[in-house]
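Input: a single structure, listed below in structure tokens.
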Amino acid sequence: MKKTVVIGAGFGGLALAIRLQAAGIPTVLLEQRDKPGGRAYVWHDQGFTFDAGPTVITDPTALEALFTLAGRRMEDYVRLLPVKPFYRLCWESGKTLDYANDSAELEAQITQFNPRDVEGYRRFLAYSQAVFQEGYLRLGSVPFLSFRDMLRAGPQLLKLQAWQSVYQSVSRFIEDEHLRQAFSFHSLLVGGNPFTTSSIYTLIHALEREWGVWFPEGGTGALVNGMVKLFTDLGGEIELNARVEELVVADNRVSQVRLADGRIFDTDAVASNADVVNTYKKLLGHHPVGQKRAAALERKSMSNSLFVLYFGLNQPHSQLAHHTICFGPRYRELIDEIFTGSALADDFSLYLHSPCVTDPSLAPPGCASFYVLAPVPHLGNAPLDWAQEGPKLRDRIFDYLEERYMPGLRSQLVTQRIFTPADFHDTLDAHLGSAFSIEPLLTQSAWFRPHNRDSDIANLYLVGAGTHPGAGIPGVVASAKATASLMIEDLQ
């Protein structure tokens with residue numbers, strides 16, 4: 001019996017496979033690595049657990065919906081723990097902001113920066129909530145297959161001033177530069193430059209205020225495992241170490257999926273959660289549609305890459321918050337260099353993940369696991385030798401953290417590893433080593449983004465960061481909902 005094939009067991013691929021299997025469509029999930037999760041890979045070392053990728057869950061309802069439509073309860077598969085504060089934001093001046101969901105507490109902290117910005121923040125939150133209603137709840141999981149779909153959304157996008165950038169939008173309401181940074185950095189979580197990404201992405205703030213920030217007990221990998229178990233409980237099949245080499249096309253339909261090990265899967269439909277550029281360039285590079293799409297996609301602007309440093313310490317550093325944003329001395333200038341620069345900047349801003357604050361089980365007793373990441377240019381802009389640059393940047397980051405945030409860090413090191421743009425390219429098959437696929441510019445969003453269903457190869461579908469609506473766990477899970485709606489309609 002032919003089965004529907006989903007390529008890639010990242011969050012998008014898993015969510016799509018669950019929706020298809022729950023709808024009665026026999027589905028096989030092909031994952032090239034030895035574990036599911038895609039970017040949400042997990043490493044274990046000397047009793048430490050390291051989530052490799054996404055760590056911020058802001059829409060638990062989208063995940064719960066996957067279990068509910070399958071007639072199951074999410075809490076029987078994975079438990080989500082609340083994160084408080086959502087983030088601690090730190091500046092080199094010594095100023096800090098604990099961003100939490102308590103309005104009175106948050107406004108009291110805003111007053112310390114600029115009393116006039118309390119009212120401005122209230123107006124910004126109302127604006128963000130309006131964008132959230134339109135951009136996420138109404139349009140986030142609707143496939144934009146024709147330009148008419150874009151035109152229908154146009155009036156509301158104009159009303160919300162979607163042509164403005166995230167930073168411009170925040171600045172309409174808020175005066176203090178620290179607070180402008182605090183409420184504009186969110187687009188970086190999905191690969192967007194706050195100074196060029198559409199103000200639609202201010203919806204992330206409302207999303208967090210609506211449902212909170214959560215972390216899976218046992219780490220993000222525990223959520224991946226729960227989703228895999230749900231899929232297999234429904235009768236789905238998952239194949240690991242299954243690298244797809246080619247999509248065989250006959251009469252403008254994918255008829256077979258060929259693996260690198262020689263196996264062949266006959267199929268009625270294929271959805272790719274693989275890198276969108278390489279889906280067309282590598283898997284369909286022999287076909288005119290693949291060549292045409294790949295050439296067009298290679299002209300698009302890609303999001304930044306990341307340098308990630310994982311480390312385990314024999315001290316818990318309980319003074320830290322779960323999520324800490326460490327702003328460097330520059331904001332606009334540094335971000336410009338991250339997105340357009342041809343070299344590493346002399347400074348950096350960091351995201352520090354301290355999951356043992358919420359779940360101490362991720363490290364041996366008295367210890368803690370961490371990761372810290374620095375946004376950096378992708379390989380297309382900065383083709384650096386990361387075998388040389390990686391250890392040097394690691395040492396700079398360790399020095400910075402030890403001086404400002406984690407006294408004694410180097411003497412407490414038990415284990416460490418780095419993951420560079422070269423690893424994004426080589427291990428994750430990410431075009432140019434981009435961490436978030438196509439940059440979320442307004443001219444690369446919705447209909448302008450690769451469509452959830454290909455317009456020429458009738459049974460080829462896309463899911464994940466490279467299609468609508470975009471990157472981040474809420475984005476790729478929403479893309480799975482959009483793509484599933486098309487596939488279920490086409491296949492049933």
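Cβ atoms are placed via backbone N, Cα and C, with glycine included.
Remember, it's a predicted structure, so these values are computed and weren't measured experimentally.
Taken from Swiss-Prot, the feature FAD binding site applies to 5-38. Mapped onto three states, the DSSP output places LYS35 (FAD binding site) in coil.
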Open item on the list: Suppose we draw a 10 Å sphere around the Cβ of LEU20 (FAD binding site). How many other Cβ atoms does it contain, all chains included?
Closed with: 27
Task: Which of VAL5, ILE25, LEU30, all binding-site residues, has a Cβ with the fewest other Cβ atoms inside 10 Å - done: ILE25
Task: Neighbourhood of GLY10 (FAD binding site), C-beta criterion under 8 angstroms, separation at least six - done: GLY37, GLY38, ARG39, ALA40, ASN273, GLY464, VAL476
Task: Nonlocal residues around ALA15 (FAD binding site), in sequence order (Cβ under 8 Å, 6 or more apart) - done: LEU66, MET227, VAL463, VAL476, VAL477, ALA480, LYS481
Task: Where VAL5 (FAD binding site) falls in three-state DSSP terms - done: strand
- [ ] Look up LEU20 (FAD binding site) in the DSSP assignment and report helix, strand or coil.
- [x] helix
Task: Same chain, 6+ residues apart, C-beta under 8 Å of the C-beta of LYS35 (FAD binding site), given in sequence order - done: TYR41, VAL42, LEU240
